[in-house]
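> Feature list, courtesy of Swiss-Prot:
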BINDING   N164, Y165, Y166, R244, M245, S246  2-oxoglutarate binding site
BINDING   H178, D180, H234  Fe cation binding site
DOMAIN    156-253  domain 'Fe2OG dioxygenase'
Amino acid sequence: MNVERDQHISPPCLLTKKIPIVDLSDPSDELVAHAVVKASEEWGIFQLVNHGIPAELMRRLQEVGRQFFELPASEKESVTRPADSQDIEGFFSKDPKKLKAWDDHLIHNIWPPSSINYRYWPNNPSDYSGDGFREVTKEYTRNVTNLTEKIVGGDKAQYVMRINYYPPSDSAIGAPAHTDFCGLALLVSNEVPGLQVFKDDHWFDVEYINSAVIVLIGDQIMRMSNGKYKNVLHRSIMDAKKTRMSWPILVEPKRGLVVGPLPELTGDENPPKFESLTFEDYVYRKIIKVLRD
């Protein structure tokens, strides 16, 4: 599969194909579960509506994130990861020399509490360092963890928030095509579209739905399901006039947890397709492969 050949646009007739939408207000848990399974098998992505996360909470979280990226560079760089640090947290700016990704981003561990490092929380805007932002983040985390457990379980997972900032640009690609290392990602965005997914040899736009949560299946759930659920290939497209932002929450196994095909999903007629590895080893191998490519 040569993804690069179709990096810019799919035929207009295909762009109208809709990403699955799952309505969590449906009183039938069986129907909701069926919809999640079907979307995960066929697409590896779906949009959740009526998910229970208050729209006002999502708005407040986005407002504070936008304010941070509008600060002077010196303010943002005050929470940059030190050069000798192994942390994945902090502010990261785009590298004009590499041009593989055209976004700035800010990363926070948000769950469990023992993983949170406030050294990477900005002092400005004031809502970031005060009780306001922390309370909003805690409330949002509670909602997201509850939502994740409702969809797939995973009470022992780790949660990482990544805020992506794509300023207006004539560049076509904001983030190149990739699948996520994690188990799954729960993403919200501002009103500027740009997320695309690859299916049936074409790229499809993900429709913006106000207050929806986009769920993307990652590598670990794909491996645990022995390939039954797709780890969706996706990318981000820039807008020439408007700033696009997104707030994915990455749901990850603990670093030392061994992840591989579940025994109940394998057998003589369906042998394991993937090697069982600790999540840490998997991430290391994938990073090495990405760097080589």
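Here, residue 1 is simply the first one shown, and the rest follow in order.
Each residue, glycine too, has its Cβ placed from N, Cα and C.
Here the structure is a predicted model, which means the values were calculated and not measured.
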> Which value in Å gives the longest Cα to Cα span across the 2-oxoglutarate site residues N164, Y165, Y166, R244, M245, S246 as recorded?
9
> Please report the distance from the Cα of S246 (2-oxoglutarate binding site) to the Cα of H178 (Fe cation binding site), rounded to the nearest angstrom.
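About 16 Å separates the two Cα atoms.
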> DSSP-wise, what's the residue breakdown of the domain 'Fe2OG dioxygenase' (156-253) into helix, strand and coil?
6 helix, 48 strand, 44 coil
> Can you name every residue in this chain, apart from H178, D180, H234, with its Cβ inside 8 Å of the center of the Cβ atoms of the recorded Fe cation site?
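Same chain, not in H178, D180, H234, Cβ within 8 Å: A175, A177, T179, A185, L216, G218, N231, V232, L233, R235.
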> Would you list the other residues of this chain near 2-oxoglutarate - those whose C-beta lies within 8 angstroms of the C-beta centroid of N164, Y165, Y166, R244, M245, S246 - in sequence order?
D103, H105, I163, G174, S189, N190, V192, G194, S236, T243
> My understanding is the cutoff is Cβ-Cβ under 8 Å with a sequence separation of 6 or more in the same chain; which residues meet that for D180 (Fe cation binding site)?
L216, G218, D219, N231, L250
> I'd like to know which of the binding-site residues Y165, Y166 has the most other Cβ atoms within 10 Å of its Cβ.
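Compared across Y165, Y166, the most Cβ atoms within 10 Å surround Y166.
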> Can you check how the pLDDT averages out over the domain 'Fe2OG dioxygenase' (156-253)?
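Here the mean pLDDT over the domain 'Fe2OG dioxygenase' (156-253) amounts to 94.
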